[in-house]
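Take a look at the structure set out below.
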Amino acid sequence: MEAAARRRQHPGAAGGAAAQPGASFLQARHSAVKADEAAGTAPFHFDLWFYFTLQNWILDFGRPIAMLVFPLEWFPLNKPSVGDYFHMAYNIITPFLLLKLMERSPRTLPRAMIYLSIITFVMGASIHLVGDSVNHRLLFSGYQHHLSVRENPIIRNLKPETLIDSFELLYYYDEYLGHSMWYIPFFLILFMYFSGCFTPTKAESSMPGVALLLVVPSGLYYWYLVTEGQIFILFIFTFFAMLALVLHQKRKCLFLDSNGLFLFYSFALTLLLVALWVAWLWNDPVLRKKYPGVIYVPEPWAFYTLHVSSRR
């Protein structure tokens, strides 16, 4: 009876004793999750990297090519072109693949930053879709990509002259605003993923053979992205940030895993290809006039309209 009375007077004592093992279990489980996150190493995501590289080549690089290959009668100038449908598919598939890539990161990444980056990415790519659609359709009317908007023969004689301002606004949405809102979050997402691609085991810092096969097409695509998108400053900043992170983590005896090595080697190959591209066209007087700044990185489509299509 006395024991029962004591239990009634102090119910928390018995409850606290019963809850203590549960609290200890939760704390131990939380510590185990943290330890697994710190030491966990993801296998090489061949499926995601393969789909990512394939859709980049088909839906982004192949987009303007498809616009020139498919007969104009199938896609009239006042309707979306086949390239526009490619762009729409890219705007849906790429964010999905980026989200799946984030899900497989061995490190917990900030969700709010990821969601905001994906939203901005989709908005920027959609702005670019509209501007790029009109600009590429102008090719069929004689528009020349290696010239500025006001210097183009089909634009400079427009009346009233305020129409030229409208085309320059369109060019701004396409080449500046659209590209910025598209590529800044894109590289930010890749860098956030890259920051979690480290392992304490040096033996795991290697790439399988299939990863090596994907490095060349991946690096070549990023070369196209950097040159055609005119985002060399953004790219070089991201690459050196990755390099600085690698050196910093190396002091902690952490090494890149297979996914991190794949990204790093792809970007390193891209930097080499951009350097070779610039060196090859260094003395081109027409392209030098269009890109007069300190950083001279000509666009492949400007090279195409100047040196390839003009000879046909």
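Including glycine, each Cβ sits where the backbone N, Cα and C put it.
Because TrEMBL annotations are produced automatically, they should be read as predictions rather than curated entries.
Sequence annotations record features per position, and here TrEMBL assigns region 'Disordered' to 1-20.
Annotation comment: TrEMBL describes 1-10 as compositional bias 'Basic residues'.
Summarising the annotation, TrEMBL assigns transmembrane segment to 114-131 (among others).
Summarising the annotation, TrEMBL assigns transmembrane segment to 176-194 (among others).
Per TrEMBL, the feature transmembrane segment maps to 206-224 (among others). Residues 44, 46, 49-50, 53, 56-57, 60-61, 235, 258, 261-262, 265-270, 273-274, 277, 300 of the same chain sit 6 or more residues outside the transmembrane segment (206-224) yet have a Cβ under 8 Å from a Cβ within it.
Within the same chain, residues 175, 179, 183-184, 187, 190-191, 194-195, 222, 256, 263-264, 267-268, 270-271, 274, 295, 297, 299 sit at least 6 positions outside the transmembrane segment (230-248) and bring their C-beta atoms closer than 8 Å to a C-beta of that stretch. The transmembrane segment annotation in TrEMBL covers 230-248 (among others).
The transmembrane segment feature in TrEMBL is assigned to 260-282 (among others).
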